[in-house]
Amino acid sequence: LLSQFDPDNTGYISTEKFRSLLQRHGSELDPHKLEVLLALADSNSEGRICYQDFVNLMSNKRSNSFRQAILQGNRRLCSKALLEETGLSLSQRLIRHVAYETLPREIDRKWYYDSYTCCPPPWFMITITIVAFFLYNGVVLDRFVLQVTHPLYLKNALLYHPQLRAQAWRYLTYIFMHAGIEHLGLNVVLQLLVGVPLEMVHGAARISFVYIAGVVAGSLAVSVADMTAPVVGSSGGVYALVSAHLANIVMNWSGMKCQFKLLRMAVALICMSFEFGRAVWLRFHPSAYPPCPHPSFMAHLGGVMVGITLGVIILRNYEQRLQDQTLWWIFLAIYVIFVLFAIFWNIFAYSLLDLKLPPPP
């Protein structure tokens, strides 16, 4: 094929030959891919098309140059929205629904709809949910949540405790414990309803990064701003994902075509506000078993900050190279500086400040 349409081996195909190729074999192509190929031909003003861009499209890969060409020829792609497709199976309708819930541009929605194969499935969010909420709590502890009204809730090796901050794993493993059934329930609902669709679109690597970054930022925020309190719950990671998703919807409001988007945002904000308000009330409510302290709420705020910085950049640039985004490096540098600051704070500040820490469990 290359030798036939590019006899001089230049790496380019003339637009005329490219159009004749589409006319001859267009019926054999997926309609959405044919739309994109025609948009690629319309967008080119030099009379030639890079053969590698054609190969990338047919192999479901998108290069930066290809994306720019498609952006210029985007008008053709708006001729028929993916939402107007009929005769879809249940799984196809689900994939289309996820595309409209998470992506603001029609070209990205069509691209995702054509290329998504559910391989691999959204394993990260599902695994975290199973491990955090059912395996450990149900099998090992013989109960699903830790009740903070009981003085023994601190006696496990997973939650973060200021006296045991040198045990570095606690800055992550505290997500496996929850302070009450309402804490557990809201985090499960938000994590599955928001996290799973986001992972289906953006992949496990990006979503797990946002989630874990929110978890670490949450525990470090507590160690800096609420130094005498322990931490339990996965709210740091959950709030990072939800806040990134909500911020992405707000920033791309006109392009988001999901149904009832205003109602869904309101429900998510109400759930987050309720859970956060409950955490604030619990933190300042007198303990029934002093000096056993109640968990901190600062992890929620740490997760939100990660979501509206790193998370927004990751969700906004669908399938694009993050290393090419200047804002990504700025926010990543800010995050790394905060982590380093918090580490040194934990090493030196506790010994310099005259704090009355709760006794070790």
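Positions of Cβ are set from backbone N, Cα and C atoms, glycine also.
Per TrEMBL, the feature domain 'EF-hand' maps to 1-28. Across the residues of the domain 'EF-hand' (1-28), the predicted structure has a mean pLDDT of 69.
Annotation comment: TrEMBL describes 123-146 (among others) as transmembrane segment.
Look at TrEMBL and you will find 207-225 (among others) tagged as transmembrane segment.
The transmembrane segment annotation in TrEMBL covers 231-250 (among others).
For Ser235 (active site, nucleophile), the number of other Cβ atoms no farther than 10 Å from its own Cβ, over all displayed protein chains, is 32. Feature annotation from TrEMBL assigns active site, nucleophile to Ser235.
Positions annotated as transmembrane segment by TrEMBL: 262-284 (among others).
The transmembrane segment annotation in TrEMBL covers 296-315 (among others).
The active site annotation in TrEMBL covers His300. His300 (active site): 25 other CB atoms within 10 A of its CB, across all protein chains.
Taken from TrEMBL, the feature transmembrane segment covers 327-353 (among others).
Through the fold, the transmembrane segment (207-225) approaches residues 124-125, 128, 160, 162, 165, 170-172, 174-175, 195, 198-199, 231, 234-241, 244, 296, 298-303, 305-307, 310-311, 314, 335, 338-339, 341-343, 345-346, 349 of its own chain, all at least 6 residues removed from its boundaries and within a Cβ separation under 8 Å. Contact count against the transmembrane segment (231-250) (Cβ pairs under 8 Å) is highest for 296-315, out of 262-284, 296-315, 327-353.
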